[in-house]
Structure formats: C-alpha cells, structure tokens
Amino acid sequence: MIKIENLEKVYKTEEIETTALNGINLHVKEGEFVSIMGPSGCGKSTLLNVMGLLDKPESGSYKFIETELLTLNDRERSNFRKRNMGFVFQNFNLIDELTVFENIELPLIYNKVPAGERKKLVNEIIGRMNIVNRSGHFPQQLSGGQQQRVAVARALVTKPKLVLADEPTGNLDSTHGNEVMELLCELNETGTTIVMVTHSSHDASFSNRIINLKDGHVISEKINKGRTEELI
Amino acid sequence: MFKLNLKIALRNLWKNRTITAINVGGLAVALSAFILVMMYATYETSFDKENPNYDNIYVVGITYPEFKTYYTAAPFAKAIKQNFPEVESAGLVKEGSFELTIKNGKNTLFTNKILAADYNAAKILNINPNGGLIKPAGDVERLTYLSNESMKTLFPNKKDNKPEMVGFGASNSGITGIIAGSIKNNLHSNFTFDGVSIANELGKNDNYDMNDYTICVQVKPETQVVNLEQKITNLYQAELLKSKAGKRIDEVKGISTFLDPLSNLHLKPKAGNDAPYKTLIALSVLGVLILVIASINFTNLSIAQATKRAKEVGVKKVLGAYRFQLTTQFLVEIFMQCFAATILALILAELVLPNFNNLFQTHLSIWHINNGLYWQLPLILGVITLIAGIYPAMILSGFKPAVVLKGNFSTSKQSYWLRNGLLVFQFSVAVVFIIGLFIINSQLKYMSKEDLGFTANQVVYIKNISIFNDPIKFEPVREKILKIPGIKSATVATFIPGGINGINNYTANGIKANIDFVDVDFDYFETLEIKLKEGRLFSNEFKTDTINSAVINESAVAKYGIKNPIGQTIRGCNIDYKIIGVIKDFKTQGFETAIQPTIYTIKDPCGGYKTQIMLKIEESKMTEALANLKSQWSTINKLDGEDFRYQFLDELYGKLFKKQEQLQSIFFAAAILTIFIAILGLFAFAKYITNGRMKEIAVRKILGASDIQILKLLNTSFFAIVVIANLISWPLAYILTKKWLETFAYRIEMPILPFALSALITICLTVITVSIQAQKAVKSNPVDALKYE
C-alpha cells in the first residue's frame, strides 16, 4: 500500500543542518501493523509526519496505492489526508473547547458527512470505545486514558485506510497504555493499516514488523514472529 | 461546521472573559467616539444638500485688496442675469441687521433673524413657506412669513395658515403689519431665520455705492465656473466705472469677484472663517486615531493569544481543514466581537449625544435615517474586522501542525516586534493628546487672566432700536439713565467689543489704508475703562468733538507711522479729523486676531447706526439698577417701550472663547479616551505576558529572586515602550501645539512642563497597570507554576 523510496529530509537552522531522513526506503502492505523505533532524534517522528503529509521531504518518492503524494499541493494534501488517514498523538491533542462528541465529530465535518450520518457514526464509535457516558464532557474532565480513547475514536471515525500513531501510550500509565494498544490491535485485525512510532519495545511487540532507525537510516527490520504467528 | 466554530469561539471568549471584555469594551468606547464623529461630519458637510439645485448654486463675493465679503450692490444681481446666459437665475438676500420686536397682544417675539429675500433668491434657496412660494404682486411689495416656532410664540392657538395682523416695536408705536403665514426654518441650512420677508424686488433704488445685499446665482449645469467668475469680475469692474461710485481705474483693477459654491458656505466660506472646517478635520483625524488604537488592541491581544489556539489550528489541519477555512473562522470570531462592540457603541453614543449636541450646537440623532449611519456602520464594521483581524488570522492559520502539535511553539520574533511597535504607537498618540490638553489649558488660563485693555465686568449692553447717531438725541436718554442710582456712565456706539467693527478708508501721514472704525458717543472709553496713552478723550466741553475730532489706537498710530499724532489730521468720509487722543490698544476681538488699527469718532456720515447702548453699573447696586431701568425704560426710550432687554458685556465677550473651550473639551475627551484604551490594551497584554512567564518567574524565585526584582523584571520592557513612545511623541506634539499656538495673536511661550508631565503620567500608569498583573505572579507559589507546566 505504501512505497517510500530514497526519502531525504534536512532541517536547516541559521548555523546547523541536520539530516533527519537519509535515503529511507520503506514498504508497508495493506493490513500491516508496523512499529518504528529508535533513539531520540533518529528521525522516526519526521518519517511519520512525512507519511501523514504534515511535512515535506527534500527528495524521494512516496506512493500510496500507486498515487505519488509528494507532488501534491497543500489543498490536495489536505484532501488526501482527511479521506485516507487518521492520527493518534502522544499528547492526545483534543480541542479543549469542544466536548468528546464534538471532538470526534470534527473530521466528519471536514469530510462533509451529513449531520444525521455524523451522529450515527460518532455514537457508534463512542460505543465501541466504551466512553458513552463521557460524550458531553470536555477533555479536561477526563483521565489520560480516556482522552487517548477519544483521540483514537476521532482517528477511526472516518474509517481511514491508514492510522498513524505517534507514541500513543507515551503519556499513559501501563494499564491505560495496554488498553490503547489492545484497541489498536483490534483495529488492525479489522483490516486497518497502522504505522506507529514508539520508544517502548512492549508496545512494539503488538505489531507485525519493527523497523529500527538511527541517524535517519533504516538500520534493521524485524518480523515480529510471535504476533505474526498469533495472527496465523 | 459554522455551528462548531461558533461554539469554539464562544467558549474561548468566555474562557478569556476578562480579555474579551477589555477588547470589546475598549473597541465599543472608541467606536462610539467614531460614530459621533461620523455623524457630525455627515451633518456638517451636508448643509443645504436637500436643495435640488445644490450643485449649481453660488454666492457672489467681492475681493477687495484687504478683505473678501459677500456684501455687494443690489443692481449687480440684475446685471449678472442680463449679461450671462449660463446664469439661470440671480437673486438677493439680506439678513436682518437689528433686533425687531413683533407683538400680538401680550405675546412678544424678539427677533434679529428676519431674512429678506427677493422672489428669485427664495426660489434658488428653496425657501418655501407652508402653502407654497407666492410672488408678491400688485400693491403687496413683500410677504412676511414667520418660522413655525416664532408663529407659535405669537399665536399659540393658531391652527390654520391664514394671514395675521401683528404690531412692530413697542405697543405704543402704532406700527402694524401682516404676517402672510408660517414657514419651516431648516436648521440644516446656511440660511436660518426666525422669519423671512419675500419681496418682489429688493434694493430697487440702490446704486453701486451701497453694498447691502448678498447675491445668489443658480447656473446652468455644466457651466464653466472659472470662466464665469472672470466674466463677472470684468462686468463688476465695468459697472463700478460706469456708476457714480467714484472709483478710479487703478482702484477698480484691484477689485475682483468670486463665486463661492453653496456647498462651501458652511464649512469653508471664501469670505469668512474656515475654523469649522479645521475643527471637522481635526475631529475626523481624532476619531480615526482612536479607532485605530482600539483596533491595535485587538490585533495585539489576538496575536498574544495565538499560543493558546495553536493546538486547535494544528489538530484541525491534521483533520483536513484548509488554511482559508481557518482564516475565515478567526475573522468571523473577530467580526463577532466587533459586532458586539458596535451594538454597545451605539448605546454609548446615544447616551453621550445630548452633551455632544450641546457642545457643538448640533441636532444629531442616531435615529435619523439621513445621517448616513445605515451604510457607514456596516462598512466600518467590515473595515475594522479586516484591520484588526487579518494579521492574527493569517498568523494563526499559518501554523505548521507538525510543529505546534509537538508543543514546540513560540510566537515569532516578527510578531514580537509588531506587538511592541503597536503598543508604542498607542502610547505615542496618548502622549500627544496629554501634551495637547495641558497646552490648551495653559493658553486658556492665560486668556482668562491676561489684561484685555478694557473692562467688560459690570458693563450692561442694552438692546435698542433707536438710532442715536446725533449726540444731542442721546443726551436726554443719558440724563435719564444716569439718574438711576448705581449707574456710573452711559454711552452708545455702532459696535460693542467682541463684535465685528466696520472698515473704512482713511488717509493720514500721506498713507491711505482701510482701518477699523467705531462711531461712539461721550463716555465710551470711560464706560469700558479703556486707558488713554496721550492727548485726551472725547468731552462735551469741546464743541469740535462732535464735528471733526478723532481718537485712534496705538496700532493706528503705528499703521500710519505718525510721529506726534496729537493735533495731526486723519481724513476719511470727506472729513478732516483732528486727532485729539491716542488710546492704548485693547483686545476687542479676543486673542486670536491682532488688534486692528482703529479710529473712534463721534461724527461719521459714512459709518453705521449708533444703537448699542452700554452702561457701567456699580456691582452692589446692579439688581436694583436693572429693575429700575426695566420699569422706566418706556419713558427713557419710547421706541423700545416696555421691551427692555439687556446682556452683560462680559458674557457676550466670553463667546469669543467658546471655540477654544470646545477644543479643550474635545481634547479632554480624546486624551482620556486614548489613555483609557491604551491602558486597557496594556492591562490585557501585561496579563498575557505575565501568564506566559509564570514558569520563568517560578524558576527565578526558587533561585532566590526577591519580589522587587521580579516586579522590576516584568516592568522593564513596558517601561522602555512608554519611554520610547514619549520620545517619539514629543517632537510631534511640539510641532502640532506650536502650530495651534500660532493661530493666536496673543499667546503663551511653549511650556516644558506638559512634556515632563506626560512622561510622568504615562510611566506611572504603566508601572501601576503592569505591577497589578505582576503582583499575582509574584504572590503565587512557584511549585504550582512548575507543576502546571
């Protein structure tokens, strides 16, 4: 589904040039759950941002089901993103002024889904995430785990082909962290492709494949046999 | 989506309600000031605009070497009409020159505003009596109409529009006349009146020597006015030479005519004062400045709050929002605040209007459909939304989601400079107004304390219609007046100090010049306590004083360059006057106009009517003397009969200061407003800055910083802003106030104190405002701040 070739990204400040991605090649199949790991500053978040069309690389190619995405303009990128991708962040990034329901509804609004259907879809996902009695609350009134469930619900409500997760358990305790990981696994089992950046090998163990980055290079790739076997 | 954005906007505004209130409140105050200015500007620029021929009506004026005037000779109107086919119509008008008493039984109307107009002028100026304009015909030479208000005074119960018989002057005068009907007095016209007298023809027997009327012409559309002006000048010069006015060719060459459009007449008449125009411009600039300052608050605070909205922008972009959607969202938010401010502003303006109308002598109302507000307000709303909102909207919508969602967010250096720049601008304007206010106050104080050269206190000016050009005629009146206890002296003259003197041509020392003249009676100088410099004043012990004696002022001596004036001759009106005395200059025209060279004579066939009676009365016996005058007036001055009316001269003279007092009020309001709005902005901005530095303050406190050190830290940057604003404003305020002071012939030296005071006031206000905010940060527990972070 995803074919990334020779991706390069350089950050320039007044004095220093930092190469964040240095000729990355990466293929992700449809329905796969891929973890990207590596030390701080290895370029894993940059890679995720490029995959999510939030950042532009200097050179290389990024094909999504045979469509080259790096040649798109800002508007086309926005359109592509909202139709095909969902995001989960470490710090949840819910809008404080909107309730749980409204936060989850937001991507549907941008996708011009009619109001009646929006209500149905949101209620459905709220039920699935087990946060029905929280739908009128504001984010500050929820625990970290609950906030991340809302964020996951928001990422899934549009039924995206690809979910990008940036350290989704980074701000959670282990119980809540596990809950979120199980949620992602369930999602993956229904056919959604997931790419997750993480520091935690425990979290990575939930995925099919683990890619290790260092200084902007892919240094190793490991098939997670346990999980793959489990799947088989 | 709109509904959701609206929710976000409202919840955000509520969350930051102090800042929202400051923002909306400040803008509402500024907008209300601006609304008043707009209404005033619309009103002032639309005098007579209801006239269907507004753009084609001109008043004919004459330019003499020394001055311009609208008074010209009656026959010239006919000549213009006959000679120039592009002139559709020409008519004559004349304002009433003295007060008239009109009576119906016990109801009395005192009026000095009876406008005389011929039929043509009435048509040109759209003067329409109720029931229509009728041309007087046959034996009826004039038809007199009274304004609805005047009619109500004389005939309170009258319902129809039928003619009525009235009496003129005292009830024993026996003069009666007919009032043909009533007419609406349009206060929004250059020609206002208590009544109007429409004649078939005016100035029938006048010649080119008698400049008593004003000519209005209506030209055909698309007339070349400049050409016509030149042709009218040529005609006027030719007519002057033909007539018996006795002008020489070289004299006539120096005289020209001009056409002043009806649209100029109210604000900047060519023969007159353009002060109303200047006031309007000053007010408009002021209104715009105040609005700009309030808009700056918006921009400043919206950018300041950008950090709080960064996450929202990032998330929305990730979820697929386009940049223009976000820009629109923020603009709509600012529009909502501006809209709320506009509603508040209208309420405020309505509350302030009575005082405003009183100060500017206007009749403005928000509810008049023709005040232009219905299109001006939406326009202004749109413009301020754009001015105040576009920059923050662009900045906010331009955030990169990959950056802001990681929390690596800081407002750029660029917006830091912009925000500080805007604060400097706000304070600079406030400083200019503060300095202006202090300097205006100083000048007004000087004007109220400075010696005028004459004493207007305890001088009573009596309105009178008897003409006392011959001193013998006034003598019995004076005798009777002086019998009343408390009255020290009595005199009569053509003009009173504070009014406008006449101008005539006089020759002395071989120099011919137009100078002011005042025709007086004995005791004129004594009544006004005008000081003698040399020679003597008029006295009935010298018979020649009523024939050919003159007293001149110091300025006249200087104008003619006379070395030893006493005994020398000054010639005017075919009389060789002997100069018997020189008086010290006194400020008859207030402080703006330099004292004019003036001649005072008792006999002057070319002068005006001596009708202005002035009495000096002892202060302790004032009430008693006035009561006696009132009861005895019908025997003292038969023509006025029972209608004794008076005014105190100091009150009349005080009207010369009205314009300056108006300016003082405006500056007072503007200084308070700008300071208020700037401080509001500063308050909100300091609150924001302090909140943003809570972590830094906590760390500093843990490392041992004292409260004073932290207060100092937070105040430093604002202190610098205010100092810079003062430095920028001082030269500007200096230039502006110097220009203003130069409009006075008699003025104060430029003081330094206002500059120092403005700095002191702005610095104190800033330190207090910032410290109130900083206090909270200083008092808070550092652990809380760090935990929060």
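Sequential numbering from 1, following the chain as shown.
Here the Cβ of each residue, glycine as well, is placed from N, Cα and C on the backbone.
Taken straight from TrEMBL:
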type: TRANSMEM; residues: B:21-43; note: transmembrane segment
type: TRANSMEM; residues: B:280-301; note: transmembrane segment
type: DOMAIN; residues: B:285-398; note: domain 'ABC3 transporter permease C-terminal'
type: TRANSMEM; residues: B:330-353; note: transmembrane segment
type: TRANSMEM; residues: B:373-396; note: transmembrane segment
type: TRANSMEM; residues: B:417-440; note: transmembrane segment
type: DOMAIN; residues: B:429-626; note: domain 'MacB-like periplasmic core'
type: TRANSMEM; residues: B:666-689; note: transmembrane segment
type: DOMAIN; residues: B:669-782; note: domain 'ABC3 transporter permease C-terminal'
type: TRANSMEM; residues: B:710-732; note: transmembrane segment
type: TRANSMEM; residues: B:752-772; note: transmembrane segment
- Item | Tertiary contacts of the transmembrane segment (B:417-440) (same chain, 6+ residues out, Cβ under 8 Å) | 289, 293, 296-297, 299-300, 303-304, 391, 660, 663-664, 667-668, 670-671, 674-675, 677-678, 681-682, 685, 717-718, 721-722, 724-726, 728-730, 732-733, 736-737, 740-741, 748, 750-751, 753-755, 757-759, 761-762, 766
- Is it true that the transmembrane segment (B:330-353) and the transmembrane segment (B:21-43) have 3 or more Cβ pairs under 8 Å, skipping pairs fewer than 6 apart in sequence? yes
- Task: Run the contact check on the transmembrane segment (B:373-396) against the transmembrane segment (B:280-301): 3 or more C-beta pairs under 8 Å, excluding pairs closer than 6 in sequence.
- Result: yes
- Note on the structure: Same-chain residues at least 6 beyond the ends of the transmembrane segment (B:666-689) with CB under 8 Å of its CB atoms are 18-19, 22-23, 25-26, 29-30, 33, 282-283, 286, 289-290, 293-294, 296-297, 300-301, 304-305, 419, 423, 426-427, 429-430, 433-434, 436-437, 440, 714, 718, 761-762, 765-766, 769-770, 772-774
- Task: Six or more residues out from either end of the transmembrane segment (B:280-301), which same-chain residues have a Cβ under 8 Å from its Cβ atoms?
- Result: 19, 22-23, 26-27, 29-31, 33-34, 36-38, 40-41, 44-45, 267, 334, 337-338, 380, 384, 387-389, 391-392, 419, 422-423, 425-426, 429-430, 666, 670, 673-674, 677-678, 680-681, 684-685, 688
- Long-range neighbours of the transmembrane segment (B:752-772), counting only residues six or more past its ends (CB under 8 A): 427, 430-431, 434-435, 438-439, 442, 675, 679, 682-683, 686, 711, 714-715, 718-719, 721-723, 725-726, 729-730, 733-734
- Task: Using a Cβ cut-off of under 8 Å, list the residues of the same chain at least 6 residues beyond the transmembrane segment (B:21-43) that approach it.
- Result: 188, 280, 283-284, 286-288, 290-291, 293-295, 297-298, 301, 337-338, 340-342, 344-346, 348-349, 352-353, 356, 360, 362, 364, 366, 371-373, 376-377, 380, 384, 388, 669-670, 673, 676-677, 680-681, 683-684
- Its residues classified by DSSP, the domain 'ABC3 transporter permease C-terminal' (B:285-398) shows 99 helix, 0 strand, 15 coil
- Query: For the domain 'ABC3 transporter permease C-terminal' (B:669-782), what are the DSSP-based totals of helix, strand and coil residues?
  - Reply: 96 helix, 0 strand, 18 coil
